[in-house]
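Colleague: I am attaching a structure below and will ask some questions about it afterwards.
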Amino acid sequence: MNMQEYIEEAESALLHTYNRYQIVLDRGEGVYLYDMEGIKYLDFVAGIAVFALGYHNREYNDALKAQIDKLIHTSNYYYNVPAVGAAKKLKAVSEMDRVFFTNSGAEAVEGAIKAARKYAYLKDGRTDHEIIAMNHSFHGRTMGALSVTGNAKYREPFEPMIGNIRFADLNDIESVKAQITDKTCAVILEPVQGEGGLFPAEEEFLREVKKICQEKDILLIFDEIQCGMGRTGYMYAWQRYGVKPDIMTTAKALGCGVPVGAFLMTEKVAEHSLAAGDHGTTYGGNPLACAAVEKVLDLFEENHIIEKVRETAPYLEKCLDELKDKYECIVERRGLGLMQGLVFDRPVGDIINRALEEGLILINAGPDIIRFVPPLIISKANIDEMIDILDSCIEA
Ligand SMILES: *Cc1c(COP(=O)(O)O)cnc(C)c1O
């Protein structure tokens, strides 16, 4: 079958929940992807902030192959070796105390919500606790995660959502205060909003939220699924702000392609929330997924990924700022680290399609924003290459 035939077959078999770009990707090498016809693309999406280490990383691939030959799955009724290593390393880099491995980001958010509700339930026995989430947030597509996602368009067709969710505005502490009641059990937010438009939280805002949460014993949940794993130049974005959450979610780059996420918590929350029988997963944290996590965390350290991001991110910012100054149709650049957005005064679909034709993979965040979430191993030369192509596409 040729590429077009594969696309037609896909469209006749897969549920049409995505308007896909008209290419069939076949293999990857470093920061480049190749389609079935051998056409090469510079990848500034990384499978949506997933493939941090780049494609075809031999050490990563070998670790997975070795684990496949040993043991892929056991269920969580037994211990397994990779889960221990992965949990220990994840605890160390996240500075949290307890880990629960999941299969996806949304599932990590579900677990975080359950932990927060259980914590509040154990305190007062009530079953009407409220959670405050942010407008423009994105936490995933399952019902619980969707319920705290601040985008009515995603939620409405699937209502009713889980109950007692109230929305406030990121970086507007008064809007948060206005939603707090004696039933509030948690505040959930992304330190840098991804899908919702690349909005970084302000440090002062996070400090204020944390202060209120501490005063009222409300749990602070940070969704670090997109902004975590080194993307902002810190292993987790909260470490940049110095504001530590009680519960944290992580996924996307955690397994660098193997589907795995986690929610983590402090010892205090762990002791007073989910207990045996309260939560579970058949696949979550299986030996293959955990072998991936363990190897990814090792490779982050060995390859000085954080240091690399701190070096390349300011360069990406500078290049994007120059582009912004050059074109009137670009309104703003915003983001943190290697998680950036260019805000246009018009839809960006045409630019992204043209870039694809020119061998550059980009993605949007909302209709008017081009999002840049490249592999974290991206070089300055790769950034120059991207800017050249993007510049010509905007020009056209
Ligand atoms: C992608 C994302 C999710 C959902 O993760 P999935 O693995 O797609 O379920 C949740 N929160 C944030 C911040 C994300 O970027």
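Just so it is clear, glycine is given a Cβ too, placed from its N, Cα and C backbone atoms.
Copied straight from TrEMBL:
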BINDING   Gly105, Ala106, Phe138, Asp223, Glu224, Ile225, Gln226, Thr282  pyridoxal 5'-phosphate binding site
BINDING   Arg141, Thr281  N(2)-acetyl-L-ornithine binding site
MOD_RES   Lys252  N6-(pyridoxal phosphate)lysine
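Neighbours and distances for these, please.
Modeller: Listed in sequence order, Thr149, Gly150, Asn151, Glu190, Gln193, Gly194, Glu195, Gly196 are the same-chain residues six or more apart from Phe138 (pyridoxal 5'-phosphate binding site) with CB atoms under 8 A from its CB.
DSSP assigns Thr281 (N(2)-acetyl-L-ornithine binding site) to coil, not to a helix or a strand.
Listed in sequence order, Ile48, Ala49, Val50, Gly105, Ile225, Gln226, Gly228, Met229, Gly261 are the same-chain residues at least 6 apart in sequence whose CB falls under 8 Å from the CB of Lys252 (N6-(pyridoxal phosphate)lysine). In the three-state DSSP classification, Lys252 (N6-(pyridoxal phosphate)lysine) falls within a helix.
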Colleague: Cβ under 6 Å from an atom of ligand 1: which of these binding-site residues qualify? The list is Glu224, Ile225, Gln226, Thr281.
Modeller: Ile225, Gln226
Colleague: Fewest other CB within 10 angstroms, which one of the binding-site residues Gln226, Thr281, Thr282?
Modeller: Thr282
Colleague: Sorry to bug you, but what's the C-alpha spacing from Arg141 (N(2)-acetyl-L-ornithine binding site) to Thr282 (pyridoxal 5'-phosphate binding site), rounded to the closest Å?
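Modeller: A Cα-Cα distance of 20 Å.
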Colleague: Translate the DSSP assignment of Asp223 (pyridoxal 5'-phosphate binding site) into the three-state scheme.
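Modeller: Asp223 (pyridoxal 5'-phosphate binding site) sits in a strand per DSSP.
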Colleague: Check each residue in the chain of Asp223 (pyridoxal 5'-phosphate binding site) that is at least six apart in sequence and keep those whose C-beta is under 8 Å from its C-beta; list them in sequence order.
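Modeller: The list for Asp223 (pyridoxal 5'-phosphate binding site) reads Val109, Ala112, Ser137, His139, Ile188, Leu189, Glu190, Met248, Thr249, given in order along the sequence.
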Colleague: Thr281 (N(2)-acetyl-L-ornithine binding site) to Glu224 (pyridoxal 5'-phosphate binding site): how many Å between their Cα atoms?
Modeller: 21
